[in-house]
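Novice: Sharing a structure below in structure tokens format, with a few things to ask.
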Amino acid sequence: MQVDLLSSAQSAHALHLFHQHSPLVHCMTNDVVQTFTANTLLALGASPAMVIETEEASQFAAIASALLINVGTLTQPRAQAMSAAVEQATRSQTPWTLDPVAVGALDYRRRFCVELLSHKPTAIRGNASEIMALAGVANGGRGVDTTDAAANAIPAAQTLARETGAIVVVTGEVDYVTDGHRIIGIHGGDPLMTKVVGTGCALSAVVAACCALPGDTLENIASACHWMKQAGERAVARSEGPGSFVPHFLDALWQLAQEVQA
């Protein structure tokens, strides 16, 4: 199994495209991470929108550059709004990304996410346990936490990618991005990133934005993982703990975006 690495030039090119196109991302995400997700997108040069009412969600999915579905705080009314948005995104050819939070641990959200797969997401982003559960090869995870190493989920990610046509991202100490055939590994980051709520969910929003960019979508999505890990490393170097990490992380994302424009 060959795992390719992403070059700095590829990452910088994708970030230049990101800033140039400034995708409008319709984030139907969980209640815990909305502010952090919006600020992450803004720092990189995208435009976030959080539209959740069913009628409006469907309408906005046709306007947005990309749609994110994150099931972290799923309720039945929210599931209805998400389904309506995904159906409209499919009709409008708006790329959409699924973040199947805790799908391996809870039955209702697993059934819901499996139903959404029939609408062919452009990308799927999860930890190893979530990806393995969604692929039907394992049940597990400890809520939102993974109990599996990212590398162990590569076969499941490849299967899921081939079955759905999505680009699948498995995040962990090393992130793996696959279209079912090619695999790109992204190293970096810091364990402190796991002590801040929302870094994975925010990455899913950046992945969604990258689905709206021209060029090689696999490389663009892998670049999103690289930016987040780079920013995490820079932020940790300036931080004393999780509380001071967040503002330094947002600053680091902003600085990365500015550097490619220089």
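Including glycine, each Cβ sits where the backbone N, Cα and C put it.
So Swiss-Prot lists these for the protein:
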BINDING   Met50, Gly198  substrate binding site
BINDING   Arg125, Thr171  ATP binding site
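Thinking about packing and proximity, how do these listed features fit into the structure?
Specialist: DSSP assigns Met50 (substrate binding site) to coil in the three-state reduction, outside any helix or strand.
Arg125 (ATP binding site) falls within a strand when secondary structure is assigned with DSSP.
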Novice: DSSP three-state call for Thr171 (ATP binding site): helix, strand or coil?
Specialist: strand
Novice: May I ask which residues of the same chain, at least 6 positions away in sequence, place their Cβ under 8 angstroms from the Cβ of Arg125 (ATP binding site)?
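Specialist: Spatial neighbours, sequence-distant, of Arg125 (ATP binding site): Thr97, Leu98, Asp99, Val168, Val169, Thr171, Gly200, Leu203, Ser204, Val207.
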Novice: Count the Cβ atoms, other than its own, that fall within 10 Å of the Cβ of Met50 (substrate binding site), considering every protein chain shown.
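Specialist: So the Cβ neighbour count for Met50 (substrate binding site) comes to 16.
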Novice: Quick one: give me the count of other CB atoms within 10 A of the CB of Gly198 (substrate binding site).
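Specialist: So the number of other Cβ atoms within 10 Å of Gly198 (substrate binding site) is 21.
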